[in-house]
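Report on the following structure.
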């Protein structure tokens, strides 16, 4: 039986500071919102909140990977069942859409190309740009929606009439790093109901209203890999090229199965041990020599070779869709959940940018994204080409 709403109470935490950028989102019974229903607790509660706010709410489950390929990497069938159960509980219609073709063309092929080139990409960022905030948005607009909504822990703001992407108020769950490539026009058409909440509050609301997803484990990793070993998945698409593992001094100490299976700062899975010449301290990846197909390692997670003061990045996406004025002093993240790092951005003659950090950064990884902030505002970001010291 669909829920009958009385009053939805959301506890405001002391840590949830107010922002002068925030846009008010009054209830509007004439506005139709389609929520991206993933089968998780965040999108479930997003739909719940929007219904309480008076919107006309419908859901959409996106199939972005063909789980019928015989590998069963995805949990799409279970997720769809959960999304349907929540939709039934809320009394809303659930649409389904197959974006597997768009995902393959615009996300997965790029993912493979980056790994083949020896870099470590983040497909979730491209998925947000090309699928969740493009294909999904276009699909929803064709259904005469006024907005889409997602369960991302970010907020929508405004300054001088321009949409802004803000960090989520729960610092431990903020997902703005993954949404930096989404433009202002898409942000203006999107609602982020759980961006104002802490994760514990989201789960409390889901349990209070009897949603099946209230204790569902958060999804981790890449959808199309799921619980399988990354190496097992990748070798189905890219041929492995084994090579030597060397120390910084050039000693050959082991063999690797392929550079694409390793990333800067990696400790696990190197297969190095029992070397009489060296201590038992763990080994870490410090560099991938693509020309020689050699993995370079060192002992000690705080070794100076793991730290860089500068990086060069390209392929930028600015939320405002206009690049800022350089030089720009701001803060940056080189990986998800990293604390904001003070830096200065300078534009190079070839259009790339050089980022100079106040403090050396550990394990800066080519192929990953560097994302820039001023206070809570996400400016945008780009793809790391190379990291170095001056």
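Backbone N, Cα and C define each Cβ position, glycine as well.
The annotation ATP binding site is assigned in Swiss-Prot to 36, 37, 38, 39, 40, 41, 42, 43, 62, 151. Swiss-Prot lists 127-223 with the feature disulfide bond. As annotated by Swiss-Prot, active site, nucleophile applies to 127, with the evidence given as sequence analysis. Among the features that Swiss-Prot reports, site 'Interaction with tRNA' is placed at 152, 368. As annotated by Swiss-Prot, active site, cysteine persulfide intermediate applies to 223.
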* Within 10 Å of residue 42 (ATP binding site) (Cα-Cα), which of the recorded positions 127, 152, 368? -> 152
* Do any residues at least six apart in sequence from residue 127 (disulfide bond), in the same chain, have a Cβ closer than 8 Å to its Cβ, and if so which, in order? -> 64, 103, 107
* Whole number in angstrom, please: the longest C-alpha to C-alpha distance across 36, 37, 38, 39, 40, 41, 42, 43, 62, 151 for ATP. => 16
